[in-house]
Amino acid sequence: MDTLRNRFTTQKSSSQRYSDDDESKFHKPMPSGHFMAILGLILVTFSLVIYIEKQLPKGVTIAEEHLHPNGFIAERAYNILKNLTQIGPRTAGSYENEVLAVQVITKEIEGILATAHPNHVVEMDVQKASGAFNLAFLDGMTNVYQDVQNIVVKVGSKIHSPHSLLINCHFDTVLDSPGASDDGAGCAVMLEILRALVHSDKILRHNIIFLLNGGEENFLPASHGFITQHKWAKEVRAFINLEACGAGGREVLFQAGPNHPWILETYSEEVPYPYASSLAQEIFQSGVIPGDTDYRIFRDFGNISGLDFAWSSNGYVYHTKFDSIDNVPLGSLQRTGDNILALAKGMAQGHQLSNVEQYRPGNLVFFDFLGAFVIRWTMPVSDLINALSVIVSLYCIYSNAEEACKYTGVSKRTYIKKLGNIIGLIVLSLLLCMLFALGTAACLMGLGRTMSWYARPFWAFFIYVIPTLVISLVAILMHANHFTKEIAMFPWTVFQLYYDAYQLLWTIVLLVGIPLRIRSSFIALTWVVFASIGNLLKSHLFGQWRSRNWIFLHIFTVGLPFVQDFYLMIGALYLFIPIMGRAGAGSHAEYLMAAMMSLLFGKLFCFVTPLILLVRKVDRIFSFLTAIFLMSLAVLLLTPLGFPYSHSSGLLAPQRFMIAHTQRTFHGPSLATTNVSSGYWLVDMDINSPHTVDSHVPAIRDAQLVDKECRDYLYCGLPYLVPVLTMIWKTHWVPGPQPVLLKPVNMTITARTPIEGGERFSFTVSGPAHIGVLLSPMKGVEISRWSIPTPEPLPGPLWNGRNTYFIYYAHGLEPVPFQFWIDFQIPPDHHEAVMDFAVTSHYLFGEGKASEDLKQLVDQFPDWTAVNFWTATYESWIIR
C-alpha cells in the first residue's frame, strides 16, 4: 500500500511530472453526460426534500382512541374546530365573537372538566379587560381597548405550585374569514390537550394555564389584558403561543426566548416532530414579514420567555374567506397536538419553572435537520465551534496551496492570490445573476406577466433559477480559461482552486458572523465544516490521485449541507411567496422574487458550479439549459399557465382585495365642512391590483390612484384600519354612492383648558366598535402627555415634516365612548392652527358592514379573488 501511494505522491521534475500515458490527468475527465446526471440528481434531491417537508402523521380518530390512552386525538380537535368555524367570522366586538364563540368554547371546557381526574385541581375564569399600550408595529400605534374577553383555564394539583406554564391561542378572526387556521385550530388543539391532561391520572409538578383570548386580531389587546391584569398572570414563568400564517402543514418554531435556553432544550428533547430554526426567528424579528403575534405582548409586557409556533404552509388562504376547515388537514392537527402536548408536559414536569431566573442567561443557535432532530448549542459554544471551524478551514486551504506548489509548481503566494481573484469573480457572478434576473423581471412586468410564480412556484425555477445556474457556470469557465492558463493541464488542481475559493468565502462569512452574533451563521458553518471534511478526506484517502470515486466523495461531502440549505430555503419560500400577495402594490414583488431566487440558488449551487471545470463538451449542457429557459419563457408568455391566480382544487391562490365603502368629510380651520365625498377605497394588496378584474368589475376601470390627497390630508384622507402607510401606500379610489351608516361617528371637544406652556384638549369620540383617532400637531407644537395609560405618546411616521399619532380604539359587545385628553405645548407666538385631527370608523360586522351597493360590487369579482370588504368613514378637522 505504501508503494502504491508513493507512486502518486512522489514529487517529479517539471519535465517528468506525468507521462504521456496519463491522459486522464491532462484532459478534462468528466463527460457532459455525467454532469447532466448530477443535475438530474439535484432535481431528485429537490423532489425528495419537498416530499419529506410535506409529510404529516396520520390523524388519530375517536375509534382509535383506545390505542392512544391519554394521547392527542386529532378527530376530537377537528370536531371542536368545526363547531367554532360554523359560527362564521368572529370579529372582536361582534355578537359572534363575544357571545357565540365564548359559548362554544366554555361549553366544551365544561364538558371536559366534568370528567376530569380527581388528581387535578381545575379552575375556569372568563375575564373582561380594559387598558392601553403602545405597539411599535409597522408604523407604530397606541392601542386602547375596552371589555375584551379572555377564557382562562388553570390546571393544577394538590401540590399547589406557585409556578405556571401559559399556553395561548386566540379565537377571534379578521373580517370575512372563518379563521379555521388563524387561530381556531390553535384553540381546538389546546382544548384537546386540556382534555388529555385532565383525564390522565398523572399529577403535574407545575400548573398549566390555558389562555383562549378573544382579541388578537384587534392588534393584541386581549393578551395584554391578561398578562397585565389577570389574577393568575403573576405566576406565569414561561409560555407557548400557537399562531398561523397559513393553513395546515407543519407548525414551525419561529421565535424562542428571549434567553432561557432551557425552553428550547426541552423542545428538542420532548417533541416527536421538530421543526425549528433560529434563521426563521431572525427573519421574523427583522420586520420583513408584515405581522406580529401575542409573543410580543408576553415578552415585552410580561417579561416572560417562551416559544412561538405557527403554521406557515398554504399562506394563500390566510386572512381570507378560504381559511375554512376544509383546508386544515387532520394530520396537521395531530402533529401540532402531539408536539405541544409533549412539550407542555415536559415543561410543566421540569424543575426549571421553580426558579426560571437561575436558567435565564444565554441564547441558543438552533435548527432541525429534515424534521428528524434539533441541533442546538449556546452562543458561547457556537462562538467556539465557529472559531475552530474557521481555523480548520484555513488550515485545509493552506495545505491545498502547499500541495499545489508541490505537484504543479504554482507557488503558495500565487495560489492565495488566485483565491482572492476567484472570490471577486464569485461575488461578481452573483451580481450578474441578480442583474439578469432583475432584467427578466422588468421584461415580464412590461409584458404584463408579473407574479406567474404566485400560484405555480415552479415558474420561479424556470425563469430565475436556471439562468442563475447558467450564468454561474459561464462565469467560472470564462474566468478559468483566462486566469488559470498556466495550470490548465491540471484540471483537478484548477477545480480544487475554485472549490477552495468557495470554501474561503463561506469561511469569511462565518468569521464575520461571530462578532455580529448572527445565529443563522449556522448555514455558513455547515458549508465550511463539510467542505473542510471533503478536503481532509480527499488528501488522506486519495492523495493526488483523481478518479470518478473522487467525484462521488465530493457529492457525498457537500451533499449534506446542500440538502439542509435547500430544506431551509423551501420553508422560507413557502412562507414568502404567499406574502407577496398581501405585501402591497408598492412591494416590487417581481423584483424581490427575482433577486431572492438568484441569490438563494446562486449560493446553493456554490459547490456544484466548479464541476463544470472538469467537463468535456460543455456546449451541450449550455444548449440544454438555455433551451429549457427559452421554452419555459414562451409557455409562460403565450399560454394561460402564466396567469398568477387560481381557484382550482389543490391550487388555491386567490388575488386579494380589500374594499372599504367610504364616506369622507373634511373640515377647515373654522370647522366648516370644506369637502365631502363617497366611494370605494381599494387597498392594493399586490403589484397587479386593481386592474386584473376590469373585465369582470366595470367600476374598477374608473379607479383613480390616490396621490395628491396624501400630501393634503393626514393618512391620505383615507380610513386606514391599522397604520401601514409606509407599506400599503399605493391605493385607488372609485367614486360611488354614499354608504349607509347605522351608527355615525360623533367627535366632540368637551373642554379646552389652559396649562403651563400650552393647552389641554378633552375629546369624546363615539361610533361603531372600531375607531381610529389620527392627529398631527402643527410645526412648533408638541404633545407632552395624554390621559391614555401608556408610558408616553408614541409618534408614527412624519407627514409634511410633522409627527403623527395613530390611536386605535375598540370595545366589546357593549358600546363605550372613547374619552381622553391631550396636553399640547404651544409656543407663545403661535397663533395658527394647533393640529390636524381625524377620526376613522370601521363597520366590520353586522348589518352596517355592507350596503346593497357594496354587496353588488363584491359579487362581480371572479372566483379567483378573495375580497375583504366593510364600510368606513373618515372625518378630519383643522383645530385652531
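First residue shown is number 1, and so on along the chain.
Backbone N, Cα and C atoms are what each Cβ position is placed from, and that goes for glycine too.
Those TrEMBL annotations? Automatic predictions, nothing curated.
Here is what TrEMBL records for this protein:
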type: COMPBIAS; residues: 1-17; note: compositional bias 'Polar residues'
type: DOMAIN; residues: 150-343; note: domain 'Peptidase M28'
type: DOMAIN; residues: 415-633; note: domain 'Endoplasmic reticulum metallopeptidase 1/1-A TM'
type: DOMAIN; residues: 653-877; note: domain 'Endoplasmic reticulum metallopeptidase 1-like C-terminal'
type: REGION; residues: 1-26; note: region 'Disordered'
type: TRANSMEM; residues: 33-52; note: transmembrane segment
type: TRANSMEM; residues: 384-401; note: transmembrane segment
type: TRANSMEM; residues: 422-447; note: transmembrane segment
type: TRANSMEM; residues: 459-477; note: transmembrane segment
type: TRANSMEM; residues: 497-516; note: transmembrane segment
type: TRANSMEM; residues: 522-538; note: transmembrane segment
type: TRANSMEM; residues: 550-579; note: transmembrane segment
type: TRANSMEM; residues: 591-614; note: transmembrane segment
type: TRANSMEM; residues: 621-643; note: transmembrane segment
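Ranked by Cβ pairs under 8 Å to the transmembrane segment (497-516), the stretches 33-52, 384-401, 522-538, 591-614, 621-643 are led by 384-401. The transmembrane segment (459-477) is in contact with the transmembrane segment (621-643), judged by 3+ CB-CB distances under 8 Å for residue pairs 6 or more apart in sequence. The largest share of C-beta pairs under 8 angstroms with the transmembrane segment (591-614) comes from 422-447, of the ranges 33-52, 384-401, 422-447, 550-579, 621-643.
When Cβ distances are compared across the two stretches, the transmembrane segment (33-52) makes contact with the transmembrane segment (550-579), since 3 or more pairs at least 6 residues apart fall below 8 angstroms. When Cβ distances are compared across the two stretches, the transmembrane segment (384-401) makes contact with the transmembrane segment (522-538), since 3 or more pairs at least 6 residues apart fall below 8 angstroms. Listed as Cβ neighbours of the transmembrane segment (422-447) (distance under 8 Å, sequence separation of 6 or more from its ends, same chain) are residues 463-464, 467-468, 471-472, 475-476, 479, 483, 497-498, 501-502, 504-505, 508, 590-591, 593-595, 597-599, 602-603, 606, 636-637, 687. Summed and averaged per residue, pLDDT over the domain 'Endoplasmic reticulum metallopeptidase 1/1-A TM' (415-633) gives 92.
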